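**Student:** According to Swiss-Prot, the protein has these features:
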- Asp8: active site (ACT_SITE)
- Asp8, Asp139: Mg(2+) 1 binding site (BINDING)
- Glu67: active site (ACT_SITE)
- Glu67: Mg(2+) 2 binding site (BINDING)
- Asp139: active site (ACT_SITE)
Amino acid sequence: MSIILGIDPGSRVTGYGVIRQNGRHLQYLGSGCIRTSEKDLPGRLKQIYAGVTEIITQFQPDVFAIEQVFMAKNADSALKLGQARGAAIVSAVNHDLPVYEYAARLIKQAVVGTGGADKAQVQHMVQHMLKLPAKPQADAADALGVAICHANTNKTLIALAGQATSAKRGRYR
């Protein structure tokens, strides 16, 4: 049994989702968004770090999973996204959590069944898979998708290994 924290990073809105994996069963524990209010990027990064730290303290996850940087429409957006990811990852590493990264297409594949799924499809499937009474916010649904992707990837690796061992830890550990 493990608690997985999934993060969908963003410099303005960072989604988070927390699930408990017990064998094949996934249980929803919580989700939401860290909304930054600072105008300058360093202030927003500080808010992301503090928000992720608060979530880690509240839920005590065993694993931290985050979406990889995708190629944004412009370099400035990609850099800001990378910095937001960095703030979240530093919080995880400071709490001695193993860090795993997943590409957006792999996350969508794990949740919806196709890497080209849109946000509405991800929201619908996350609601269905976790038996939620309502659709989660888009960024929170994406973060729950990251956590679900890790849970499914971890289950597959355990099955392939033929024993109950964890997947290789991320490079940030």
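Using the three backbone atoms N, Cα and C, a Cβ is placed for every residue, glycine included.
In the displayed structure, how are the listed features positioned relative to their neighbours?
**Tutor:** Cβ neighbour count for Asp8 (active site) (all protein chains, 10 Å cutoff from its Cβ): 26. Under DSSP, Asp8 (active site) is assigned to a strand (E or B) in the three-state scheme.
Taking all protein chains in view, 24 other C-beta atoms sit within 10 angstroms of the C-beta of Glu67 (active site).
Residue environment of Asp139 (Mg(2+) 1 binding site) contains 24 other Cβ atoms, counted within 10 Å of its Cβ in all protein chains.
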**Student:** Return one of helix, strand or coil for Asp139 (Mg(2+) 1 binding site), based on DSSP.
**Tutor:** helix
**Student:** Round to a whole number and give the Cα-to-Cα distance in Å for the pair Glu67 (active site) and Asp8 (active site).
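**Tutor:** Taking the Cα atoms only, Glu67 (active site) lies 6 Å from Asp8 (active site).
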